[in-house]
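Report on the following structure.
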Amino acid sequence: MLKDKTAVITGGVRGIGKAIARVFCENGANVVLCYRSNDAEAEKTADELKEMGTEVRVLKGDVADPETAKKIAELIKTDFDKKVDILVNNAGITNDKLMMRMSDEDFTKVINANLNGAFYMMKELSALMVKKRSGSIINMASVSGLKGNPAQVNYSASKAGIVGMTLSAAKELGRRGIRVNAIAPGFIETDMTAVLTDEQKDNAAKNITLGRLGQPEDIANAALFLASGMSSYVTGQVISVDGGLIM
Ligand code: NAP
């Protein structure tokens, strides 16, 4: 479905990003993955993905730093003939605290990584997509950005920002052949949710219509749809993949 396409996936070496990278490679895409700190996981993921026979590049860099997006754009120009077909802004962090205990830094750090990072990446890579008049950008939102969550004003604000940014970018870029959509995952079992106790997970599952937490592959399948020609008439949408958590 993605034969000879090139995809950039931020936070692509573990969790949801890794599942997206795997399904993209299985479908023939070359991938460029960026991560912030986990070198061991990056190397392991790259080795696993390379077995599928497509090009796999891994780049260490903090998306909150605009230089990272510039470095990725440079890699696309030099090594991929200036062609990037898919961007998945997946990198994200949480730093949950009740607002009364949340420092300015706690707030800003999450916004810088989750929202500013996606902006820097969209700005650099959409400039390359515009030249080819085609592309699909997928931004990772969250149910937390749609309905709010206690102790997550920083994270909810970043994810609500992702939704607004997705809609504006979709309107800006549609006439240039670029589609921009977002996915709003519910509770997905990754390192990010591993901090929850079994009791908290059981309680969460009780509020989910399908009665279970999601797996990274549930999100990866939605990303494959949005990345591929299967969604060629879909833009400016926020697709909730949450087992019916909010509806
Ligand atoms: P995860 O398991 O914690 O993995 C996050 C990935 O993002 C890691 O590869 C990490 O790199 C990378 N990353 C974090 N901050 C970065 C930065 N500043 N620069 C570059 N890379 C960075 O998270 P996940 O659960 O897969 O979540 C992926 C996305 O889905 C996030 O945007 C998250 O907000 C969203 N989401 C998740 C859930 C859920 O239930 N899991 C629900 C809703 C939305 P390192 O490995 O180097 O740290």
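Cβ coordinates are placed from backbone N, Cα and C, and glycine is handled just like the others.
In TrEMBL, annotation is done automatically, which means it is predicted and not curated.
Taken from TrEMBL as is:
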type	residues	note
DOMAIN	5-186	domain 'Ketoreductase'
BINDING	Gly11, Gly12, Val13, Arg14, Asn90, Tyr155, Ser156, Ala157, Ser158, Lys159, Ile188	NADP(+) binding site
ACT_SITE	Tyr155	active site, proton acceptor
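Ranked by Cα separation from Tyr155 (active site, proton acceptor), the binding-site residues Val13, Asn90, Ile188 are led by Asn90. DSSP classifies Ile188 (NADP(+) binding site) as strand under the three-state reduction. Per-residue pLDDT, averaged over the domain 'Ketoreductase' (5-186), rounds to 98.
With respect to ligand 1, the recorded positions Tyr155, Ser156, Ser158 contribute no residue with a C-beta closer than 6 angstroms to one of its atoms. Secondary structure at Ser158 (NADP(+) binding site), taken from DSSP and collapsed to helix, strand or coil, is helix.
Comment: NADP(+) site residues Gly11, Gly12, Val13, Arg14, Asn90, Tyr155, Ser156, Ala157, Ser158, Lys159, Ile188; largest CA to CA distance 25 Å, whole number.
Taking the binding-site residues Asn90, Ser156, Ser158 in turn, the residue surrounded by the fewest other Cβ atoms inside 10 Å of its Cβ turns out to be Ser156.
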